[in-house]
């Protein structure tokens, strides 16, 4: 293999999955990828499974912590920077690419001190704290959504790296003569409100308008959600997880889900209209901002959880399911917003910076 690249991403799948997509692209171009993470994040499972060397530093978030933790914070951060600096010295990367999470701050500072160029990628419409703080140190800042960062020569709007199979042409059946297909992605984080809301809402639809339902309820939520559908007199296929998301997106005509950065990007990639119910307690309310992007362009409807009851959701479902041409228009708009070259673009930017 060729030169080394260091990727920094940790904590949640929202940071790690797009980073893994870029890791594969680097490997396809002959680079060796190393990963900087923390001991408690999802990267500890996903990165070794991908066959990538994982280097760990000890750092946690500071928001909402007590006074003692805040007093210790400078020493914790200094130690984390020192640990990251040792990794960089050992790996000797030509560039460092950060996707957010607690690891990104100390790792980015260590890279800058070592004279290694730093590139930042922000997945959400609102930049996370670590990425915001790294902007002055970064050679380039990549954003998934337009205008996440202030205008500068460093900024590039790239989109989010997502799984390539979602961009394959999907031959959906025409809605005429069949029931619509409704995909519900409850997930695991904040799943219960959607799992409770959907059976009640669909039960209020006229029988002739009720769609076929495929509902991902999340681990340990599937049985109670299936019971809710049965008690409401609604047929539904309820599963804890969906292993083949590309197939599920290809089946669907409409999606009801949260508005995480990757979900929003995948909806665009799959060309799917959606009803988005942002997680209300997400940091910086970034899910609402993500949803506003698709809704503002006409590819989705934004339904705030606090003000959306079963009757409200039923009314919106009725509105869109009775207008197949509107669903088609929303789907076309979603496809237009997709950025199928996001992974290649981010890697191109990194290598341009690394090699001049």
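Keep in mind that glycine also has a Cβ here, set from the backbone N, Cα and C atoms.
Feature list (source: Swiss-Prot):
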- 12, 13, 14, 124, 163, 188, 242, 261, 262, 263, 264, 265, 266, 287: UDP-N-acetyl-alpha-D-glucosamine binding site (BINDING)
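Positions of the features from Swiss-Prot, shown on the structure.
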residue : record                                        : CB count, 10 Å
12      : UDP-N-acetyl-alpha-D-glucosamine binding site : 17
14      : UDP-N-acetyl-alpha-D-glucosamine binding site : 23
163     : UDP-N-acetyl-alpha-D-glucosamine binding site : 16
242     : UDP-N-acetyl-alpha-D-glucosamine binding site : 16
262     : UDP-N-acetyl-alpha-D-glucosamine binding site : 23
264     : UDP-N-acetyl-alpha-D-glucosamine binding site : 31
266     : UDP-N-acetyl-alpha-D-glucosamine binding site : 23
